[in-house]
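Going by Swiss-Prot, these are the annotated features:
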- Lys20: active site (ACT_SITE)
- Pro103, Met104, Gly105, Gly106, Gly107, Ile108, Gly109, Gly110, Gly111, Ser112, Ser113: ATP binding site (BINDING)
- Asp145: active site (ACT_SITE)
Amino acid sequence: MTVGTALPPPELRNCPAPAKLNLFLHVTGRRPDGYHTLQTVFQLIDWSDTLHFHRRDDGVITRVTDIPGVPADTDLVVRAARAMQAASGTRFGVDIAIDKILPMGGGIGGGSSDAATTLLALNRLWGVNLPREELMRIGLSLGADVPVFVFGQNAFAEGVGEELTPVALPDSWFVVIHPRQHVPTAAIFSDERLTRNSPISIVADFAACTNKFAFGRNDLETIATAKFGEVARALEWLKNYSPHARMTGSGACVFARFEDEQTAQRVMERLPSEWDGRCVKSLSHHPLATFA
């Protein structure tokens, strides 16, 4: 915190942590450390967890919400707060509450987005005012998908996902289906059938594509649909309404883009009852983008 500046109020409530879609995802190689190199475009969408923060003066960091299957000490939001505390040298702590809406293991970045919202919110709540690049560096130490949410806009990503270039995307509506099946990321990336040699694209290739939602493919899709039957069935069903429907991330969510809300809602009305679905609008920027 800059000397002489007043602290903001002690609470930040209703902080969104929006989901993302991977419009395509190409696996281009594997590094000696085991991480895969990727190319993808991240599309932010208006479907969010909501986080609430209360500043503490004793330096203690707690998650006050119970999340089944996610111990507080290993939760990315707690790890993000601790990393932010260490990087900034602040004396403050925080109580964090989470309204968890986004499905875990869905490929839409829920945990990573929660971590990024924590970094952005604490940057404001603690008055530390770290630059965005520093928050992105902290985010990368937590997970490869965290930096794009801190980056704050739709982006063409390379490396392990941390080399980001902003891209302009048209306003869109999406149907996102979660087939109520958890897909562990490690189970997909460790599969021996995964191809890891997709040709390198450049951002100009994507920018020049007239239908950006038909560009490329998701290299993880064939593995996920072979291993997880509900993912395959949901994708096959959605392709009846959009030939360019595809999986996001390593699954389990699948999505399709539509020109308008009415068309997307008509598809949603036909959704089989055994799956969960959502009609969502695209975002051009993260709701907390100005916090860094």
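Using the three backbone atoms N, Cα and C, a Cβ is placed for every residue, glycine included.
Most buried of the binding-site residues Pro103, Gly105, Gly107, Gly109, Gly111, judged by other Cβ atoms within 10 Å, is Gly107. Sequence-distant neighbours of Ser113 (ATP binding site) (same chain, 6+ residues apart, CB-CB distance under 8 A): Ala17, Pro18, Ala19, Lys20, Ser48, Asp49, Leu102, Asp145, Phe149.
The DSSP secondary structure for Gly107 (ATP binding site) is coil. Every protein chain shown contributes to the tally, and the Cβ of Lys20 (active site) ends up with 27 other Cβ atoms within 10 Å. DSSP assigns Asp145 (active site) to coil, not to a helix or a strand.
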